[in-house]
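Chemist: Pasting the relevant annotations from TrEMBL:
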- 28-50: transmembrane segment (TRANSMEM)
- 87-104: transmembrane segment (TRANSMEM)
- 111-128: transmembrane segment (TRANSMEM)
- Asp144: active site (ACT_SITE)
- Asp158: active site (ACT_SITE)
- 159-178: transmembrane segment (TRANSMEM)
Amino acid sequence: MTESTPPSETGPEPATADAGFARRRSRALVIILLIAVLVVLADQLTKLWATATLQVGVYHSLIGNLLGIQLVYNSGAAFSFLVDQTWVFTIIAALAVVALLYFSRRVGARSWAVAFGLLLGGALTHLGDRLFRAPSFGQGHVVDFIAYADWFIGNVADIAIFCGALLALILAVVGVPLRGGPRHTHPHPHPHPPTD
């Protein structure tokens, strides 16, 4: 007569866990790529509308002085930071895309996939602007047209990056695992101390 092995209290077997993560990762990659494509399309289409419709520097109010539309070509970052160092932001955007693609392979949670998709889409469309827009390759000026009071002028990609970063911060704070699946919990101690 052989003794039966009690079920493990530490979680699923490694093979089962790996198979579960592989399925979650496949779904997560689809979500990441889909959201990234949607962000790129939304950003580029709205920029196409802005460049075809608006005059550079002319402000159109949407909500008083709080929100408006104003077309500008930004060679720097937000708040016109480092306007004469466009190549720096081209390199940063390229590195961000590479890093996001690399770490996307570790994502299994759908919520993290949404965050990565927003960040990747924003980084990709910014990189495209830096590479292919005037005045030259790698020195392109980003099209900005959403004016936030007197603070700064941005675009759809900026919104995606902000939302993705905020979501990632929230997920990290509340402890959502990047790989997805159940959160790690410690086994409950025996309710009664062992007796001799």
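A Cβ is built for glycine as well, from the same backbone N, Cα and C atoms used for every other residue.
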Chemist: Quick one: give me the count of other CB atoms within 10 A of the CB of Asp144 (active site).
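Modeler: There are 22 such Cβ atoms around Asp144 (active site).
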Chemist: Are there residues at least 6 beyond the ends of the transmembrane segment (111-128) whose Cβ is under 8 Å from a Cβ of it, and what are they?
Modeler: 27-29, 31-40, 43-44, 89-90, 93-94, 96-97, 100-101, 103-104, 142, 157-158, 160-161, 163-165, 167-168, 171, 176, 178, 180
Chemist: Residues of the same chain, at least six outside the transmembrane segment (159-178), with any C-beta under 8 angstroms of its C-beta?
Modeler: 39, 43, 106-109, 111-112, 114-119, 121-123, 146, 184
Chemist: Distance check, please: Cα of Asp158 (active site) against Cα of Asp144 (active site), rounded to an integer number of angstrom.
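Modeler: A Cα-Cα distance of 9 Å.
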Chemist: By the DSSP assignment reduced to helix, strand and coil, which category contains Asp144 (active site)?
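Modeler: In three-state terms, Asp144 (active site) counts as strand.
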